[in-house]
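**Student:** Heads up, here are the entries from Swiss-Prot:
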type    : residues           : note
DOMAIN  : 4-69               : domain 'J'
ZN_FING : 131-210            : zinc finger
BINDING : 144, 147, 198, 201 : Zn(2+) 1 binding site
REPEAT  : 144-151            : repeat 'CXXCXGXG motif'
REPEAT  : 161-168            : repeat 'CXXCXGXG motif'
BINDING : 161, 164, 184, 187 : Zn(2+) 2 binding site
REPEAT  : 184-191            : repeat 'CXXCXGXG motif'
REPEAT  : 198-205            : repeat 'CXXCXGXG motif'
């Protein structure tokens, strides 16, 4: 299990950007592979520190992590963190560029894919049985309709950055034989700046609003299923493609039924007389129909009755599971004097044939201890 990112960097959850940067620099210097050659534990720690800082230094990724933890980044969710070449080099050069140098070509700036979003939805077992179409409202970042996502005021366009001349990188001499190359501080590596920002989105190219979406929940869907809605995540930056929306489904526990795959289980109490003499009872299945279950005489507590085809539908398949009814024989309570007399009389006239399991059990137990004591 991954360690908490805040604990990895030894900072509080309220740490600001300056504290995060300071903590990262200290720990990265301590565990850098060049300072710990051959130390696999140090290398592993160094990767964990990098991943934690790459996530927490980005406001959007940090917000997603604070809300969902590591689950926000599983299978494409949220940040694209980890020990990858591009993300790590940007972080390391931004902080250690003045002492480490390097001439790595920055990956192309400009268009950026929008972040993936997560939406938690709880449905009932009945809704899982029938399927449903749900209307949800999702707060998200959408492309600004005023500037069409460019961030520039309508009628104007982003211009080439005068500091890096569109390269996104700047180079400076260290005073010796080497020079260092760093992300351009003016355009943040994009190669362009916005002189006249859009007034509606303040130059961001995106706006935050709540969107209404229709989600199809197919019949037979199981607890923990994830539904991906491609392109329904946050809008991309500067014309980049949108992210995806992931619906995480949970099924509310049912009062009467438990589910195991496509099968359903239900426990039904029956009276002692029904179990002894036989009888029947009715159960209402998930499809709303009444089904009568016959109880043969001498039924024991725990016996199961199988109702074929009365379980859950199999997702996107024609098959249907079964419903298993387990009876629990209820011992009478609060007996009247007459009821007690009748039971006492029944006890007197009963034989081992009426209770073969208990009679046989105690006989075997007696034989065991007699043999054991010899």
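Here the Cβ of each residue, glycine as well, is placed from N, Cα and C on the backbone.
Since the structure is predicted, the reported quantities are computational estimates derived from the model, not experimental observations.
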**Student:** Compare 144-151, 184-191, 198-205 by their Cβ pairs under 8 Å to the repeat 'CXXCXGXG motif' (161-168) and return the stretch that comes out on top.
**Tutor:** 184-191
**Student:** Near residue 201 (Zn(2+) 1 binding site), which residues of its chain come within a Cβ-Cβ distance under 8 Å, counting only those 6 or more away in sequence?
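**Tutor:** Set apart from residue 201 (Zn(2+) 1 binding site) by at least 6 residues yet with Cβ under 8 Å, we have 144, 146, 147, 151, 207.
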**Student:** Near the repeat 'CXXCXGXG motif' (198-205), which same-chain residues lie under 8 Å Cβ to Cβ, leaving out any that are not at least 6 residues past its ends?
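**Tutor:** Contacts of the repeat 'CXXCXGXG motif' (198-205) (Cβ under 8 Å, skipping residues fewer than 6 from its ends): 143-147, 149-154, 237-239.
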**Student:** Please report the distance from the Cα of residue 164 (Zn(2+) 2 binding site) to the Cα of residue 198 (Zn(2+) 1 binding site), rounded to the nearest angstrom.
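**Tutor:** Distance (Cα to Cα, whole Å): 23 Å.
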**Student:** Provide the number of Cβ atoms within 10 Å of the Cβ of residue 187 (Zn(2+) 2 binding site), excluding the reference atom itself.
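**Tutor:** Around residue 187 (Zn(2+) 2 binding site), other Cβ atoms within 10 Å: 24.
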**Student:** Using DSSP, tally how many residues of the zinc finger (131-210) sit in helix, strand and coil.
**Tutor:** 0 helix, 33 strand, 47 coil
**Student:** Helix, strand, coil: count each for the residues of the domain 'J' (4-69), based on DSSP.
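**Tutor:** So the domain 'J' (4-69) is made up of 48 helix, 0 strand, 18 coil.
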**Student:** When you measure from the Cβ of residue 161 (Zn(2+) 2 binding site), how many other Cβ atoms are you left with inside 10 Å?
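**Tutor:** Within a 10 Å radius of the Cβ of residue 161 (Zn(2+) 2 binding site) lie 21 other Cβ atoms.
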**Student:** If you take the centroid of the Cβ atoms of 144, 147, 198, 201, the listed Zn(2+) 1 site, which other residues of that chain have their Cβ within 8 Å of it?
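**Tutor:** Other same-chain residues with Cβ inside the cutoff are 145, 146, 148, 149, 150, 151, 152, 197, 199, 200, 202, 203, 204, 205, 206, 207.
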**Student:** If you average pLDDT over the repeat 'CXXCXGXG motif' (198-205), what do you get?
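**Tutor:** Mean pLDDT for the repeat 'CXXCXGXG motif' (198-205): 88.
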**Student:** Using C-alpha atoms only, work out the spacing between residue 161 (Zn(2+) 2 binding site) and residue 198 (Zn(2+) 1 binding site) and round it to an integer in Å.
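**Tutor:** Counting only the Cα atoms, the answer is 18 Å.
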**Student:** Given the recorded Zn(2+) 2 site (161, 164, 184, 187), which additional residues of the same chain have their Cβ within 8 Å of the Cβ centre, ordered by sequence?
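**Tutor:** Once 161, 164, 184, 187 are set aside, the remaining close residues are 162, 163, 165, 166, 167, 168, 169, 170, 185, 186, 188, 189, 190, 191, 192, 193.
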**Student:** Whole-number Å only: compute the distance from the Cα of residue 198 (Zn(2+) 1 binding site) to the Cα of residue 187 (Zn(2+) 2 binding site).
**Tutor:** 17
